[in-house]
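Features as listed in TrEMBL:
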type	residues	note
REGION	1-20	region 'Disordered'
DOMAIN	48-174	domain 'Casparian strip membrane protein'
TRANSMEM	50-69	transmembrane segment
TRANSMEM	84-100	transmembrane segment
TRANSMEM	121-144	transmembrane segment
TRANSMEM	164-185	transmembrane segment
Amino acid sequence: MSNPDDSNPEKVTPSAPAAVDMESRAVGGGGVSNIVSRWKREDLLKRGSIASRGFGFVFSFLAFIIMATNKHGDREDFDKYEEYRYVLAIAILATLYAGLQALRQIHELSTGREMFSRQNLAVVDFFGDQIVAYLLISAASSAVPLTNRMREGADNVFTDASASAISMEFLAFFSLALSALISGYKLSNQSYI
């Protein structure tokens, strides 16, 4: 029979350096750089979310202001058209939502403390962004046919202002849709342990 001492060093010796090598790679090389890149990605997502909600706030606020001041007398008054009242109502709602969310995120970024739990906030952000984005696209798309019919008859300040408010709502939709994508990514990467 062969000596067991002769065969064991051959089996143990090759595996020991491999285990040490894997540990040194995980601790020194790949592990730290992965953590740093994850921190950078999370920071970029936070800033991107703030920026997209900020743009959503600006565009929906502009849609609100343009539509609210779109009163030119007689038949050129936004109050007389249901579609334009819907555009105004959703612009107000989107302005409030995007403004409050942007303020909350700026507060959290500046203080470093979260106002609510991360899991609940991820769900609220995701569904809130989606609901407001869909309301914006719904309001904008409902007013487009009316504006096109009015422009066939006469292209004036009233129809131009209406088209401007509608285009601002489309831009607000794109901003909040991007925010919904970011919050969806955050929600999917949430750990529930």
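In case you wondered, yes, glycine gets a Cβ from its N, Cα and C as well.
All TrEMBL annotations are machine predictions without curation.
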Inset, instruction - Could you give the residue numbers and ranges of same-chain residues that sit at least 6 residues beyond the transmembrane segment (50-69) on either side and whose C-beta is under 8 angstroms from one of its C-beta atoms? - result: 78, 84, 87-88, 91-92, 94-95, 98-99, 101-102, 105-106, 109, 132, 136, 161-162, 164-166, 168-169, 171-172, 175-176, 178-179, 182
Legend entry - Residues of the parent chain within Cβ reach of the transmembrane segment (121-144), under 8 Å, 6 or more residues beyond its termini: 49, 56, 60, 83-84, 86-87, 89-91, 93-94, 97-98, 101, 114-115, 162, 165-166, 169-170, 172-173, 176-177, 179-180, 183-184, 186-187, 190
Legend entry - Beyond the flanks of the transmembrane segment (164-185) by at least 6 residues, Cβ under 8 Å: 45, 48-49, 52-53, 55-56, 59-60, 62-63, 66-67, 70, 84, 87, 90-91, 94, 98, 122, 125-126, 129-130, 132-133, 136-137, 139-140, 143-144, 147
Legend entry - Secondary structure content of the domain 'Casparian strip membrane protein' (48-174), with strand meaning DSSP E or B: 108 helix, 2 strand, 17 coil
